[in-house]
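**Student:** Handing you a structure now.
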Amino acid sequence: MKHIVKHIHFVGIGGAGMSGIAEVLVNLGYQVSGSDLARNAVTDRLAALGARIAIGHDAANIEGANAVVVSTAVRSDNPEVLAARAQRVPIVQRAVMLAELMRLKQGIAIAGTHGKTTTTSLVASVLAAGGLDPTFVIGGRLISAGANARLGTGDFIVAEADESDASFLNLYPVIEVITNIDADHMDTYGHDFARLKQAFIEFTQRLPFYGSAVVCVDDPNVRQIIPFISKPVVRYGLSPDAQVRAEDIDARDGRMHFTVIREGRAPLAVVLNLPGLHNVQNALAAIAIATDLGVSDDAIQQALAEFNGVGRRFQRYGDVPTADGGRYTLIDDYGHHPVEMAATIAAARGAFPGRRLVLAFQPHRYTRTRDCFDDFVNVLSTVDALVLTEVYAAGEAAIATANGDALSRALRAAGKVEPVFVETVDALPEALAKVAQDGDVVITMGAGSIGGVPAKIVQNTQQKG
């Protein structure tokens with residue numbers, strides 16, 4: 001590619017999916033430019049690496065580019081897209097560019113409705129501990145690396161495979177992981193769950209004859225598609241028929257202790273530096289791949305015990321003073337689907353038994369809130385105290401029956417929790433200061449602008465101190 005394409009421009013370069021690919025391309029020696037609506041830590045990092053960053057979208061930003069990379073979130077009337085089309089500069093989907101990177105190495109693609117980012121991070125960390133020095137592209141910041149992407153010298157590239165827009169069908173990896181299949185982003189599949197499952201089957205058909213599908217048999221929908229997978233399958237999970245499974249699971253001190261049972265191998269005692277059964281499952285996927293690639297048991301154990309997590313995935317911000325002189329524990333999480341939220345809440349209950357759980361939640365997308373409305377009411381009713389904000393639209397038109405006020409009314413009618421509703425995330429720090437008590441565990445959760453709230457709370461605390 002490099003002899004023809006030297007300058008690559010990214011529209012929306014600050015996004016999690018785009019920035020990782022851009023960083024790898026910078027490190028491969030390409031000239032990279034990009035634009036976004038606002039400056040952030042990601043754009044600053046890319047600029048420091050040598051990328052040319054523009055704030056705001058303008059036709060002039062693509063000057064000299066041989067290719068323009070876009071995601072499905074970029075509108076067709078974006079001025080940079082229009083300029084590229086007028087100048088006959090190829091417009092490349094993000095997943096297609098990721099597929100080009102995978103052609104340079106052997107790809108390990110992590111798919112599934114939930115758990116992709118954490119599983120990708122665990123796989124990359126375990127392979128790195130085993131000396132394989134993988135390249136990785138992750139949808140969140142791997143805390144140990146300080147970035148969501150890295151160019152390694154090894155043979156493998158580990159990346160998330162996105163089913164939300166069916167773009168994972170552009171990838172041709174040698175190993176695939178399917179963590180679970182759940183009803184999300186159903187607009188892509190015509191609100192037909194059978195079509196979504198068929199897309200995952202087609203994803204496995206991208207594997208070469210020597211490839212393998214590493215699948216979680218605890219998920220009933222994944223289990224249903226196994227008979228239709230024509231390539232070798234490795235089953236992992238907590239189920240008795242899993243080839244890589246966890247037994248004797250014990251949650252202690254925010255960590256998961258368990259024994260891994262693998263066919264033809266001695267039992268392996270593991271301490272995972274993450275809470276929650278869902279993270280045990282995610283770790284099993286990494287263990288299955290690492291075992292197949294010859295990573296030593298010692299390296300597997302070390303990587304999982306020392307795993308520092310991923311930004312916005314049960315990320316701990318430490319203890320914060322309360323108004324009455326006590327302290328509460330602050331955690332931030334990206335969960336935005338009821339299934340993810342339930343798993344995180346369960347993990348918090350296990351990590352902090354007996355403590356009051358306060359949730360600050362910003363729903364993400366009106367369509368998701370509408371489609372999962374009853375499930376949101378059920379999962380939000382399981383916390384001890386709730387602060388709710390208006391829905392983060394993500395470009396969607398508002399739906400009056402699926403906005404924050406409608407969700408608040410439904411929660412009050414359910415009668416299990418009395419939500420405190422605030423219109424904006426800017427009001428969250430003050431609202432939480434009134435709600436939080438000594439000894440509480442406070443979780444800020446959502447995929448939108450709520451991600452900036454924990455740092456704001458910490459900053460406010462430091463200024464007062």
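For all residues, glycine too, the Cβ spot is worked out from N, Cα and C.
Quick paste from Swiss-Prot:
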- Gly112, Thr113, His114, Gly115, Lys116, Thr117, Thr118: ATP binding site (BINDING)
**Student:** For the binding-site residues Thr113, Thr117, Thr118, which Cβ has the most other Cβ atoms within 10 Å, all shown protein chains included?
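**Tutor:** The residue with the most neighbouring Cβ atoms within 10 Å is Thr118.
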**Student:** Quick one: which residues besides Gly112, Thr113, His114, Gly115, Lys116, Thr117, Thr118 have a Cβ within 8 Å of the ATP site's Cβ centroid, in sequence order?
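**Tutor:** Filtered neighbour residues, in order: Ile110, Thr119, Thr179, Asn180, Asn282, Glu340.
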**Student:** Name the secondary structure element type, per DSSP in three states, that contains Thr118 (ATP binding site).
**Tutor:** helix
**Student:** Just to be sure I understand the packing, how many Cβ atoms besides its own are within 10 Å of the Cβ of Gly112 (ATP binding site)?
**Tutor:** 24
